[in-house]
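Colleague: Submitted below is the structure of interest, expressed as C-alpha cells.
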Amino acid sequence: MKTVLELKNVTKNIRGRTIIDDLSFTIREGEVFGFLGPNGAGKTTTIRMMVGLMKLSKGDVLICGQSITKEYAKAIKHIGAIVENPELYKFLSGYKNLQQFARMVKGVTKEKIDEVVELVGLTDRIHDKVKTYSLGMRQRLGLAQCLLHDPKVLILDEPTNGLDPAGIREIRDHLKKLTRERGMAVIVSSHLLSEMELMCDRIAILQKGKLIDIQNVKDENIDENDTYFFQVEQPSEAATVLNQYDLLSKTNGVEIKLAKEEVPAVIELLVMQQIRIYEVKVITKSLEDRFLEMTGETKEEVQHA
C-alpha cells in the first residue's frame, strides 16, 4: 500500500526538556493507525506537530510526499483533523455548520455536503440545532466537517472520549467504512486499549515521548513457541503424561508452551493414553498484554491513565 504520511526523526523540546524524542514511522493508505499510550505519553503533541499546530524542534512530517515545514499549504490540504474536540456553532443547525466550514474550502458543493452527511449517518438530524445533538452526534458532525474536502489522511485525537458504548461503536464503524470504501488513512490516538484493539490495523506504542514499538493489532502469525490450551476430560492424568513439557495444570485441561509443529505429537500422546480431548487452541496475547510487556506498566496504571 502507498505511504501517505511519514514522520522523519520528529523531535520536540520545550524549555530544555525533550517531550517527543526522535519519532520515525510511516502510515499507509487504507489503514486505521493508532497512537497508544498513557496520558502524557506525547500522543496529542505528536498530532499537533503533524497538522502544523506546533513547530517541530527537529525532523519533518511528509504528507503525500510534501513537507509540513517547507510546503505547509500543499501538505495540509491532504489532512482532515479533529484535535481534542470538534469546534461547532451550537446555535446553528448541523447543516449550517457545514456550510460555514465549506466557505473556507474551494469547490465544496451542496451535493458534497449531502454526501458527507449521509456518510456519517446524520441525514435525519442535520437541520436540527447542534445544541440538541448528543456527544456522539457532535463527533459525527465534526467528522463530516473533516471530510468535506476529500482528505487523504484523517487525524482524530481521542475520538471516543466521553461517548457511551453505542456512540463508540458508531464512530468505529464510520472510520472503518472510510478506510474500506475510500482508501483513506485514518490516524487515531487513545489510551483505551480495548477500543484500539477493535478499531486499528496497526498501532504505535508511545511512552514518555518515545516510540516503543509498532505492532499489527491482528497479527495472525503465531510465535515460534506459543502457549496452547488442551481441554481434556482428565486434566491431572494429562499433566502426568505430558510432564516433559513446560505446562500449567487447569481445572479443565492443561496449558503447554510449545512449537506449533509439536501439537500433533502431544495430541497423539494423549490419545494413546485414552485421554479424551475436547478442544485445542492457541492462547493469543491481547493488545493489553503486549502493551504491558513493552511499557512495564501494571493493569491498574493503564486503567487509570
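Keep in mind that glycine also has a Cβ here, set from the backbone N, Cα and C atoms.
Below are the features listed in Swiss-Prot for this protein:
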- 5-233: domain 'ABC transporter' (DOMAIN)
- G37, P38, N39, G40, A41, G42, K43, T44: ATP binding site (BINDING)
Colleague: If I take every residue in the domain 'ABC transporter' (5-233) and average their pLDDT values, what number comes out?
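Modeller: Value for the domain 'ABC transporter' (5-233), mean pLDDT as a whole number: 88.
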Colleague: Excluding near sequence neighbours, so keeping only residues 6 or more apart in the same chain, what lies with its CB under 8 A of G40 (ATP binding site)?
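Modeller: Residues satisfying the criterion: K208.
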Colleague: Across all the protein chains here, work out how many other Cβ atoms are within 10 Å of the Cβ of G42 (ATP binding site).
Modeller: 23
Colleague: For G37, P38, listed as binding-site residues, tell me which one has the smallest number of other Cβ atoms within 10 Å.
Modeller: P38
Colleague: By a simple count of other Cβ atoms within 10 Å, which of N39, T44, the binding-site residues in the record, is least packed?
Modeller: N39
Colleague: Mind giving me a neighbour count for A41 (ATP binding site)? Other Cβ atoms within 10 Å of its Cβ, every protein chain shown.
Modeller: 23
Colleague: How many other Cβ atoms are found within 10 Å of the Cβ atom of K43 (ATP binding site), counting all protein chains shown?
Modeller: 24
Colleague: Indicate whether T44 (ATP binding site) is helix, strand or coil by DSSP.
Modeller: helix
